[in-house]
Amino acid sequence: MPSDTKGDRKATLDAASWFFNVVTSVGIIIVNKALMATYGFTFATTLTGLHFATTTLLTTVLKSLGYIQSSHIPLADIIKFVLFANFSIVGMNVSLMWNSVGFYQIAKLSMIPVSCFLEVVLDKVRYSRDTKLSITLVLLGVAVCTVTDVSVNAKGFIAAAIAVWSTALQQYYVHFLQRKYSVGSFNLLGHTAPAQAASLLLVGPFMDYWLTNKRVDAYNYGLTSTFFIILSCTIAVGTNLSQFICIGRFTAVTFQVLGHMKTILVLFLGFIFFGKEGLNVQVILGMLIAIAGMIWYGNASSKPGGKERRSFSIPITKTPDYSAVPLSDEPDEKV
């Protein structure tokens, strides 16, 4: 039946998009950990600027070859997106420096309630009781796994608040721009990556010097460290693209909820490859709770009324788009 075929195709693309995001995200975490811990390249903001510069290069090449069609997004929308994205990157780095690891993890967990709030207020989304409870279960499980020592100070709290709200707004805006201008993931990256690359490469060296008291131009660039920098930039292209694909196909909240699967996976791989010192009953229990919450969320949000948009207030601006991965405008996405 045609409807069954369409549903199967959508489910396959959903699974492929999420698998792409998980693989690239976990891969870049492992590479960056080796680059920073082993080779001492601790310039996170500058490295992110290099990531977006590489993404800009790829989107430019694909556009020149005709794989990405021309589209238009107003400059004001691009500037707002870049501001949200850059405040998110810088805010997260500063939050990690000024706060304990425990409070940093709590701040990351609070992105889901903030993203829910944005969807309720801006998109008039309504969540069912089961959907709300499943999100709470995911937050509880990840908190049990990751939150240990918790200490906070005034400037650390402000940095965390800026990081959380800017990240939530950036992820909401990815979905917003793709729906409003009918552009695909690569198209949106082609508009936003150049501005992010330029701004982060301009600000990054100064920000990294403030955070680490080291200069990026004074780093001893060896053959191996340079290889890891290039590898990190290459994987980052996939990470950036997969994030835009997933948020476009799902929503920022779903992306955040299922994103914690990557947290669980990184913990699990860390225990396998780096020893079992941190593995205990509490961590295992937290993993099981979080996974159960994610499964529950997938079922609850896909049911009628599980997560629905009561009204659409966004005027749609049609732009020709022929991106490889189509977007779904169905309000309830089953993952």
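Backbone N, Cα and C atoms are what each Cβ position is placed from, and that goes for glycine too.
According to TrEMBL, the features are:
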- 12-31: transmembrane segment (TRANSMEM)
- 17-297: domain 'Sugar phosphate transporter' (DOMAIN)
- 37-62: transmembrane segment (TRANSMEM)
- 74-96: transmembrane segment (TRANSMEM)
- 133-150: transmembrane segment (TRANSMEM)
- 156-174: transmembrane segment (TRANSMEM)
- 186-207: transmembrane segment (TRANSMEM)
- 219-241: transmembrane segment (TRANSMEM)
- 253-275: transmembrane segment (TRANSMEM)
- 281-300: transmembrane segment (TRANSMEM)
- 302-335: region 'Disordered' (REGION)
Quiz item: Counting Cβ pairs under 8 Å to the transmembrane segment (74-96), which of 37-62, 156-174, 186-207, 219-241, 281-300 comes out on top?
Solution: 156-174
Practice problem: Please average pLDDT over the domain 'Sugar phosphate transporter' (17-297) for the predicted structure. | Solution: 86
Practice problem: Mind pulling out the one from 12-31, 133-150, 156-174, 186-207, 281-300 with the most Cβ pairs under 8 angstroms to the transmembrane segment (37-62)? | Solution: 186-207
Exercise. Examine the transmembrane segment (281-300) against the transmembrane segment (186-207) and state whether at least 3 Cβ pairs sit under 8 A, considering only residue pairs 6 or more apart.
Key: no
